[in-house]
Amino acid sequence: MRKSEVIAAESVACLSKALCHLKDIWEEIGIPEDQRLERTNVVKNHVKSLLDMMIAEEESLRKRLTASIEKCQNELSKLCLELQLPPFQEDRSSTMLQQEKDLRTHLEVMLKEKNQRTQALKAFTEQDQDLCDLLCFQPFSISADSVPSLEQLEKFRQHISSLTAEKERRRKVFVTLKKQIILCMDDLDQLPETSFEKDVVCEDEESFCLSKENLDSLKVLLHQLESRKAENERVCGSYREKMHELWERLQIPQEEREAISEHMTLSKKRNMEALQAEVKRLEELKLKSIQNVTEAIRNEIAVFWDKCFYSTDQRQAFVPYYDDDFSEELLSLHDAEIVQLKQYYEDHKDLFEGVHNWEESWRLFLELEEKAKDPTRFTNRGGNLLKEEKQRADLVKGLPKLEKKLKAEIEQWEHEQNREFQVNGQKFMQFVTDQWETYRLEKEREKQDINSLAFPQLNATSSTGTSNSTIRSVFGGTVCHSPILRPPISASKQGNVKTPDHGKPPHQGLLECNKENICHLTGGVAGMTKVQASPLRNFSINSVAGTYSEFQVNSSSSSPSVTHSLVKESKSLN
């Protein structure tokens, strides 16, 4: 039994005891029955009124609990919808008081959640608005009147983070561009003119709108300033180049040149104006000394004509070069010509250098060929002979390779330029072919000269010789004398080449190199190693060695009288 039931039973017993006590009092006093009935009704009514009042109060409490439960349930249902949460699940087994308490507690939690979301939405909205105003973006799409869901708040937070990162990126770009713009303006001695330029240079960095359009405008502004700066540098560079050119042509002393040295590095407005003034001054001096300047340019033109391998016709095509009526117009024509020549040389510099290298190699090759005809080179004990032969062998290998490379480069150039690449008025490869053909014809001429001189010498010595039988009896064989040659035309220009002394034996190198010219004798030949020098023996050992085989064939097929004359010549020489 509950305690409340025990207390209720005790209350009934107490009421019964009280009524019995009242009855005893009334009996003792002698209260009549009708008064007793009246007094008992008063007690009953009093007790009933008290209980009714208490019941009414408890009923009121129950009604309040019911109303509170219903209100909480309604508010919870509404909040669940607003917060996009599942409905609240009540515990139906609990009493009204517990149920009302649980509902009220959960309602307070959800109201707090709603308030937090609302405050977060408000803060995000303010940040988003500021960032969008700064970056010129559209605000985040979300209703400001509804309670955002957790997913919406997370997306909004990520959006804010993205805008913040973009803001920092654009801020760095803006700061970099601003610094470059200020430097360019300083180099140009320029102040901000437009409102946009003033906003960029003068206004606070935090207040500048970092829209894509503004950043693009900044890039355009910087490009314009850099273009103007580059143009100034180009102009200043041209002024400096012109100044150096005029300084050299006018022979300006070093003291005057150093007076403008402070303007030779920077390209600001004041530097450009100073350079311009100096060029103007030099131009005026140039006009006063037109003849000297024109002749200086002519010397420069001649140098570039040589560098560009101009032919005589090409040089004569520039008629003003030969005009002695010096004037400003004539000077202008020479200026234009030297500019054109320099540009032409720079455009084809690689080819011209390749041609120059070929010409140097060809010249060296011809020099070595001439040296090879000099018999005195065998007496040089310094090792030059080996060096020359090695150098000559390298040139023999290197020249075709260089010609092949130049041919490929020229063909590519001609394909790109759609015109012929000429050197000295003709195609370079034709020039190379002509040089080799000239070389071949010269070698052929030398060979013919050797053969034509050999046979007259044989005829000249045959009349003074002794009998063929006498020579055979002494030597036991036939001696064939080497053909005696005159030097090539190219060698004759260098003067007479000294021959070995009459009493000295030939140098061992000569014997080795000329051993092919000595026929093997069947008897002792010690006495034949000394050969008296002849005035006509200024010839190339290589040429003799190179033609002796042919000479031997010719002599073997000659008549007995020729052989007889050879023997007689050999005897007379001994």
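We number each residue from 1, going along the chain as drawn.
Heads up, the Cβ atoms here are built off N, Cα and C, so glycines get one too.
The shown structure was predicted, so the numbers you read here are calculated from the model rather than taken from an experiment.
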For this session: From the ranges 55-82, 167-194, 335-362, grab the one TrEMBL calls coiled coil.
Result: 55-82
Exercise. Do you know which of 368-390, 460-482, 552-574 TrEMBL annotates as region 'Disordered'?
Worked result: 552-574
For this session: Examine the ranges 97-124, 265-292, 405-432 and name the one recorded by TrEMBL as coiled coil.
Result: 265-292
Exercise. What parts of the chain pack near the coiled coil (265-292), using Cβ distances under 8 Å and only residues at least 6 beyond its ends?
Worked result: 187-190, 229, 232-233, 235-237, 239-240, 242-243, 246-247, 249-250, 252, 326-328, 330-331
Exercise. The coiled coil (55-82): which same-chain residues, six or more beyond its ends, come within Cβ distance under 8 Å?
Worked result: 88, 90, 96-97, 99-100, 103-104, 106-107, 110-111, 114, 146-147
